[in-house]
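Taking it in order: structure first as structure tokens, then the write-up.
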């Protein structure tokens, strides 16, 4: 069997684009002390493509450069962060367990010390819109990675959340809600991502809303798992939002789901308050196979920072605007520049489908957009643990939700851009 080199398995650049596990705790947890910068830059995603900022002349050095040379340097710097140089990370396939082939020295360098009882695997979170999948995923890893609002279909992408312990690693796929009707090309591509998540999964979690009348989950299982799998993975039904109904009602609904659904077990939880989450974790660990971790233990996602920056802006759009506006908006990070001697510069574009929507997003005298930018900037700074300069521009891109090429470019085809 051919061995893969350490370089093939992991690329560890000088600047960071993944998230250390100590950062950005979910509000229900006590916030720790800020994570040291020098440690934050040491562990990165294996597919990170950051270019060291030090490769360019420092701000104080540029005063000695001629105007023509300085313009060339700035153009080179701008080009280094353009989308043309971005690579893609696939979310459709889980990585091979080739770390099992590392020798002792390589494993020590990557801090990979796993015993024979170590468990690891992929877990798909399925369910209809607004049942609490993202809230549960955030509770499982102890951080707010997936955005959460009271609107259905807030999650559009399949969010890869890495939950690690000393003797396990579970990789959670937080998926968009299963739709009954697909109105746009965007909807069909999201549903395709839901199905591919279950194909890769070692076990499946199906969430239902305890506040609603019990109903068959055949549709969720059919749309989420499909009929292409030779063997259905172990499936757990999670009765979420148990805090909103009486204990007697919880018992009745548990009995109904155990009798009328084809699942291995039913567990009631309150994802919002963390009740029952440990029971879910124990069930998952009982189903995961033995094996080494897929990722280093100190990262919580393989998505780049720019992905979460865009998600934070989109969350604020959902919270600030009503009706069709949030669903007609696409948020892209156009430029992300790390500046050692100044605030990081982040340029974001918000795409809408109509000029009338653009007017609503901007608001009278730009007040609505200013309010949005301020709320987003504060959360981004809390997320990144650093000050940033956020610039937001609103553009019109007609029918972007029906344009397959654009949707693939925006990451809905099962791949995300990394820098």
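Even glycines carry a Cβ here, placed using N, Cα and C.
Of all ranges given (240-243, 244-247, 248-251), TrEMBL attaches the label region 'G4' to 240-243.
Record note: among 103-110, 111-118, 119-126, 127-134, 127-134 is the stretch given as region 'G1' by TrEMBL.
TrEMBL lists region 'G2' for one of the ranges 138-142, 143-147, 148-152, 153-157, namely 153-157. Looking at 174-177, 178-181, 182-185, the stretch flagged in TrEMBL as region 'G3' turns out to be 174-177. If you take every residue in the domain 'KH type-2' (321-398) and average the pLDDT, you get 93.
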